[in-house]
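As written in TrEMBL, here are the features:
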type	residues	note
TRANSMEM	B:26-43	transmembrane segment
TRANSMEM	B:49-69	transmembrane segment
TRANSMEM	B:76-95	transmembrane segment
TRANSMEM	B:101-123	transmembrane segment
TRANSMEM	B:130-148	transmembrane segment
TRANSMEM	B:184-203	transmembrane segment
TRANSMEM	B:234-256	transmembrane segment
TRANSMEM	B:268-301	transmembrane segment
TRANSMEM	B:322-347	transmembrane segment
Amino acid sequence: MDFLNSLLVQPFADMFAAPDFLMQVLWEGLVSGILYALIALGFVLIFRSSRIFNFAQGIMVVFAALTLVGFHEMGVPAWISVILSLGVMFVLAVSIERVVLRPLVGQPDIILFMATIGITLFLIGFGELIFGGENKIMITEELGIPTGEFIFEPFGGFLLLEQKDVTAVVVAAVLVIALLAFLNKTRMGRAIRALGDDHQAALSVGISLQTIWVLVWFIAGIIALVTGIAWGARAGVSFALEVIAYKALPVLMLGGLESITGAIIGGLMIGLFEKLFEIYWGQPLLGGNTETWFAFVLALFVLLFRPQGLFGERIIERV
Amino acid sequence: MFYRTSGQFKTSYTADMALFPVRQDAILLAIILAFAWVILPLTASEFAFQTLLIPILIYSLAAMGLNILTGYAGQLSLGTAAFMGVGAYACYKLVTIMPWMNPVVAILLSGVFSAGVGVAFGIPSLRIKGFYLAIATLAAQFFLVWLFEKWAWLYNYNASGAIQVPTLQMFGVTVAGPTASSHVQYYVVLGIVSLMTILCINLTRGTLGRTWKATRDMDIAAELIGINLMKSKLTAFAISSYIVGVSGALFVFMWRGAAEPNLFDIPLSFRILFIAIIGGLGSILGNYLGAILIVGLPVILNTLPETFGIPISSATVEHLNIMIVGALIVFFLIIEPHGLARLWALIREKLVIWPFPH
């Protein structure tokens, strides 16, 4: 009885007893959810256009952030380092397409997946070799990101929103809208979607596979840089960040591998639920640190009922 | 010239389906076995035992377990390390609860627990496929490692949260623990690995193996010809996890001597997946070739700067190592996506007609 009480009654009682704390928890969940969604977005873009399950997306986030900080440490002004980092991400996209993907066109999915794990290892080694393994501080102020706090007092309580988190949410929203506009309104964007719908048909109307792949990896690189800045402002920049890359995987499972909407909604859901579970159930009942696996288990249960994720394309099997 | 198959006639189906249809294969294997059982133990140094021979055997075994699941039954798994952890922790509990138990029996039994956990996490595979399943197996990976850390009963409530291998004896010889000699440990590992290899070869050639392959190639078609998919997938999960669990027990008891939960973290899973894929999915030989490459390469890379007298700090060497391994994985995938085992098969075909190709 006691156990059931602490499982089913106490958490909700706690929530109502301190609504301001609940709002704080929800806000934290929302912010990390948005960052998960951004990483997942990079995955989805690449998966849609090439059926490559890009494991390296999480490392690209860290690599982009490290490059940015690295340029700034060499004395380059903040905004010019951003442009230089974008250049580096472009070079990365071109060389991945040229060196890794082009020779592997048409291979089974698992081989391409393994190749992206190879890229991941290469980037980890390369990044640590050049920038060192220690934790670095993101150049938040130099980029003009506000670092103050908004303080509200709902229900006579206390709610603290960091301005850099608010900025991250706004920038993420702008990025997603820009991306959707790009995919739906421009010629290149339509080509990407065509390639995602039907490879052969897209090739036959003259869409260049190589150009599109470079473009898609470059966009994924831009997303990675934005995510890297936002996450780096919260937690510093180091390869320990790669754990967040794994968080994007349950987001993909939950939302479906092909869906941009799925990535965003899945990210938000996972961010919110894992924070709630950790604070109200995980810490009192299970000894904490449940965030490492909760998202996966949640996604696993959803998949048992919808094997293609919430928004994924229906899996149609032909024999 | 050395690999001529002419003159070796098969007069019955049994002879044609035999393990070694070509005489030279049997001779080659005999030479390798003689090396493994007699010559290497006589000549190898302590360093070679600890950094090369024992880990290569253990990693091959783990990769063999994964290969049953991924290479033969077609179910991609990213949670191998966690199942190794289950084997290791089960073995630890067995020998601490029942200290009189023969350590080899304990190691072989610990795989049973891992098989049970494997089947439990394999159940979603009946509904989830492909990459979705691969991510689902990550649930096992993260959940089990978390459990190793939080469930204090598993490590007998000791303060460090790690498991320490006790000194274990078998027939009066110390086989595990800090005082065990490398020779004894090597023979125990070699014995178990040889046994498992024979088991795997025969399993994959038999009915069960063919059922797995049919499931891998197209599960709907397999179902139509009367294969019970549930049975096929779950036996693959069970047997694969059993072998992986045994390798996990060997990993801690015969090699590392102690283990913390984060030893079984995701990099180990990937390492084993690399071995299986670079070696060749759907091949038994490939696991050995892959393990030799993945275990041996860092050792060689570590000693290279010293031999050439290039002054590099050890941290730099480690970063270079990661980089080179990553690049090599891509390189091997590009030159031969089907792995080293396929490369060997090609070489063999060439050797049969060498030096007169026409």
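The backbone N, Cα and C atoms fix where each Cβ goes, glycine too.
TrEMBL annotations: computationally assigned, not manually curated.
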Among B:26-43, B:184-203, B:234-256, B:268-301, stretch most in contact with the transmembrane segment (B:101-123) (C-beta, under 8 angstroms): B:234-256
The transmembrane segment (B:26-43) versus listed stretches B:49-69, B:184-203, B:234-256, B:322-347: most Cβ pairs under 8 Å: B:184-203
Leading contact stretch, B:49-69, B:184-203, B:268-301, B:322-347 vs the transmembrane segment (B:234-256) - CB distance under 8 Å: B:49-69
Long-range Cβ neighbours of the transmembrane segment (B:49-69) (under 8 Å; 6 or more residues past either end): 40, 75, 77, 80, 83-84, 182-183, 185-186, 189-190, 192-193, 196-197, 200, 203-204, 212, 236-237, 239-248, 250-251, 254-255, 271-273, 275-276, 279, 281-284, 286-288, 290-292, 294-296, 299
Positions on the same chain near the transmembrane segment (B:184-203), where near means CB under 8 A and six or more residues out: 19, 36-37, 41, 49, 53-54, 57-58, 60-61, 64, 68, 103-104, 107-108, 173-176, 209, 239, 243, 246, 250, 254-255, 284
